[in-house]
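Under the heading repeat 'WD', TrEMBL lists 9-50, 51-82, 93-134, 135-176, 177-218, 225-259, 260-292. The coiled coil annotation in TrEMBL covers 361-388.
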Amino acid sequence: EDPSLERHFKGHRDAVTSVDFSLNKKQLASGSMDSCLMIWSMKPQMRAYRFMGHKDAVMCVQFSPSGHLVASGSRDKTVRLWIPSLKGDSTVFKAHTGTVRSVHFSSDGQSLVTASDDKTVKVWTVHRQKFLFSLSQHINWVRCARFSPDGRLIVSSSDDKTVKLWDKTSRECIHSFCEHEGFVNHVDFHPSGTCIAAAGTDSTVKLWDVRMNRLLQHYQGNSVVNSLSFHPSGNYLVTASNDSTVKILDLLEGRLLYTLHGHQGPATCVAFSRAGDLFASGGSDEQVMVWKTNFDTADYCDAPKTQKSGSSVDGSHHTWVEMDCGIQHKKTRTQDSGRNHGQQEEGTSLVNTLEHIMGQLDVLTETVSILEQRLTLTEDKLKECLENQQKIIQNKTN
């Protein structure tokens with residue numbers, strides 16, 4: 001079955017720059033050139049929240065793994081961490097000396113990586129919002145930075161036409177991929193962590209193996225690719241392009257699967273939900289669209305391997321791969337199904353409880369951090385008052 005348009009959100013007053021789903025798919029966050037962050041409820045008839053705080057365009061948004069925080073980066077050079085609730089409290093930190101183009105949480109939710117026009121990639125602790133270190137070998141704007149699923153690597157893409165792979169522990173650049181002929185707008189890790197995909201202004205999407213540092217797949221389009229997102233199974237990739245289309249690539253077959261026309265004007269951003277049954281796209285037409293995936297998502301697989309060359313359905317040249325992995329189709333089980341079901345339910349409720357606790361911790365930490373900020377402000381004001389008083393006393397005695 002083909003992907004279908006599920007929901008249509010209108011509320012931004014300028015181009016949408018970024019979209020991301022919360023873990024439970026109940027909420028969708030979007031950032032826009034209108035300086036606002038919006039949180040949309042996936043339940044019909046539920047209101048959307050508009051969060052204001054950034055002084056300039058919001059370039060990127062992402063939910064924390066638990067879903068209890070949202071990070072945003074802006075042209076005002078700051079990063080904000082929001083509690084996605086009615087009050088919409090946020091803490092702000094001066095992150096870079098240029099536009100912040102990308103924010104990404106590590107999978108344990110403890111670290112945040114940001115990328116900026118100041119040519120650096122920076123890593124922060126989430127709970128204390130403390131700066132840890134900078135990665136600075138790019139020689140032009142850094143468009144995107146992402147943690148690997150295990151948090152040991154960082155990948156970044158830049159207008160210097162390179163994609164760089166970094167070791168988080170040694171803070172060194174392990175490899176530079178230089179095959180793009182234009183700016184590299186977006187990069188991300190395959191769910192397996194063994195390969196990366198990058199999208200560029202040269203109208204290509206390229207996939208590399210990060211263990212052997214070799215090119216696995218190359219898709220040549222006819223328009224600038226702004227954004228991409230891997231399906232959680234690792235078998236599909238969705239892209240957003242300047243020709244207003246959202247495309248779905250089948251990585252197992254190495255071909256273009258669907259081209260979706262929904263936006264009027266460039267499609268700027270795209271993201272699969274954590275379960276993969278939905279994906280969202282945003283455009284310069286100020287609209288956010290949510291699509292039902294619908295295609296067969298039962299196939300799970302390792303990362304792409306052996307390379308071949310071929311031509312895709314639409315005639316554009318690309319490289320494709322054979323996946324040497326056992327594709328597991330759903331099998332029907334008869335015996336023990338009752339017992340397994342009970343265990344699964346117990347496991348699920350335990351996971352839910354743990355997630356809830358983690359979420360509460362996030363909120364507590366965030367509240368403490370907001371209080372700390374207010375305390376610092378109060379202390380500064382008090383210091384100012386005392387200094388002023390001293391000046392008055394000195395002036396009187398003189």
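These residue numbers are counts, starting from 1, taken along the chain as shown.
Cβ from N, Cα, C; glycine included.
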Query raised in the report: What are the DSSP helix/strand/coil residue counts across the repeat 'WD' (260-292)?
Result: 0 helix, 20 strand, 13 coil
Query - Cβ-Cβ under 8 Å with the repeat 'WD' (51-82): same-chain residues at least 6 beyond its ends - result: 14, 17-24, 27, 29-39, 88-105, 107-109, 112, 114, 116, 124, 126, 129, 355, 358-359, 362-363, 366, 369
**Report entry** Beyond the flanks of the repeat 'WD' (260-292) by at least 6 residues, Cβ under 8 Å
**Finding:** 3-10, 12-21, 23, 25, 28, 30, 32, 38, 40, 42, 224, 226-233, 238-248
**Report entry** Mean of pLDDT values spanning the repeat 'WD' (9-50)
**Finding:** 92
Query raised in the report: Would you list the DSSP helix, strand and coil counts for the residues of the repeat 'WD' (93-134)?
Result: 0 helix, 24 strand, 18 coil
